[in-house]
Amino acid sequence: MAAAQGKLSPEAIDNEVISNGSAKDYLDPPPAPLVDAGELGKWSLYRAIIAEFTATLLFVYVAVATVVGHKRQTDAQACSGTGVLGIAWAFGGTIAVLVYCTAGISGGHINPAVTFGLLLARKVTLPRAFLYIVAQCVGAICGAALVRAVHGGHHYALYGGGANELAPGYSRTAGLIAEIAGTFVLVYTVFSATDPKRIARDPHVPVLAPLLIGFAVLMAHLATIPVTGTGINPARSFGAAVVYNNKKAWDDQWIFWVGPFLGAAVAMVYHQYILRNGAIFRSNYDAAV
């Protein structure tokens with residue numbers, strides 16, 4: 001151990017962790033290559049794609065079904081639905097459960113904005129990111145279609161199909177800012193809860209990560225539902241828009257892609273460059289001298 005420590009760079013020494021009275025050195029893992037042709041021939045990639053598809057399908061089904069069900073109940077009897085708080089809990093709770101279930105298989109992204117942020121941070125390759133986003137969008141369409149099948153086409157369309165639209169009284173700039181801020185909260189939480197340096201210091205962090213990410217989704221919904229209905233997940237917004245197929249939903253659709261992707265990019269820069277001092281460029285290999 002002492003010999004190994006003698007080879008550490010200043011960056012590695014800065015990342016050293018003292019645990020149980022013994023020195024435990026930590027270095028950031030190497031960045032993922034932009035393209036890794038070898039992974040395209042591995043079953044683990046396609047298993048992860050299936051996991052992302054299934055998780056996004058289940059997420060959109062539960063979340064959108066809660067929205068449509070709330071409106072349907074409230075229409076039948078005032079104040080009988082789950083309310084904004086119940087909807088926020090449905091989104092956040094479902095994400096917490098599904099991240100827990102899929103983290104060990106695909107990383108539990110379930111959101112193109114999360115995948116995009118991790119791609120920028122060199123945590124995943126470009127082909128994997130692209131395939132994840134396709135799987136997430138297809139899963140979201142299937143999830144929304146399942147909600148339509150359960151509630152029926154008439155009620156699904158009558159109550160808005162759970163589609164994201166800019167609320168009356170808000171400008172598109174306001175909607176864009178709301179989506180950027182909400183996604184920043186989510187992606188910043190993802191980076192913080194999965195930070196290898198943080199995990200080395202606090203072993204409990206990986207156990208709590210799904211719960212923390214779910215709470216981030218819940219809080220973002222509470223703040224953003226009045227403005228845009230809360231997207232912060234382009235696949236969720238796209239899937240509902242495809243099945244609902246309403247002009248207003250399509251006119252506003254760009255907000256639910258541009259906003260989350262910008263929010264994810266800002267969160268990546270803030271965590272990786274400002275808080276972690278350019279961790280994206282450090283690895284176990286280039287830190288050794």
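Quick reminder: no glycine exception, Cβ is built from N, Cα and C everywhere.
From a predicted model like this one, the values you see are computed outputs, not experimental measurements.
As written in TrEMBL, here are the features:
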type: TRANSMEM; residues: 49-68; note: transmembrane segment
type: TRANSMEM; residues: 88-108; note: transmembrane segment
type: TRANSMEM; residues: 129-150; note: transmembrane segment
type: TRANSMEM; residues: 170-193; note: transmembrane segment
type: TRANSMEM; residues: 205-227; note: transmembrane segment
type: TRANSMEM; residues: 254-275; note: transmembrane segment
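Against the transmembrane segment (254-275), the recorded stretches 49-68, 88-108, 129-150, 170-193, 205-227 differ in Cβ pairs under 8 Å, and the greatest number is found for 170-193. Of the candidate ranges 49-68, 88-108, 129-150, 170-193, 88-108 contributes the most Cβ pairs within a distance under 8 Å of the transmembrane segment (205-227).
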